[in-house]
Amino acid sequence: MNGTIPARKVFEDEQAIAFHDINPQAPVHVLIAPREHFSSLTHMGALAAHKDLLGHLVQVAIQIAATEKLTHGYRAVINTGPDGGQTVDHLHLHLLGGRAMGWPPG
């Protein structure tokens with residue numbers, strides 16, 4: 001987010017930024033993050049004034065999935081908290097595709 005790690009950006013607007021994950025878990029693995037800092041989905045949810053931002057992140061994911069030609073499907077996930085697999089202290093949505101996704105994921 002702050003430009004210290006090189007990233008291949010795929011989307012950017014005044015509310016969000018999206019870039020390829022540096023450690024991809026699928027052929028297409030894009031991270032979509034709000035520009036405003038939220039430590040987690042729980043943090044964002046506590047701030048009702050920002051409820052439209054989550055919808056924007058989902059719309060960005062849909063747009064990127066179309067651009068990346070993920071016609072057979074994709075997974076969009078937000079990890080929240082240590083037990084949810086969150087390792088970065090900034091809310092972000094993972095868009096994964098380009099292969100069949102198994103279940104359960106972890």
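Here the Cβ of each residue, glycine as well, is placed from N, Cα and C on the backbone.
Worth saying up front: this structure is predicted, and the values here are computed from it rather than measured.
Feature motif 'Histidine triad motif', per TrEMBL, maps to range 90-94 of the set 55-59, 65-69, 70-74, 90-94.
Long-range neighbours of the motif 'Histidine triad motif' (90-94) within the same chain, counting only residues 6 or more positions beyond its ends whose Cβ lies under 8 Å from a Cβ of the stretch, are 1, 21, 25, 29-34, 37-41, 43-44, 57-58, 61, 75-79. Counting every protein chain shown, the Cβ of His92 (active site, tele-AMP-histidine intermediate) has 24 other Cβ atoms within 10 Å.
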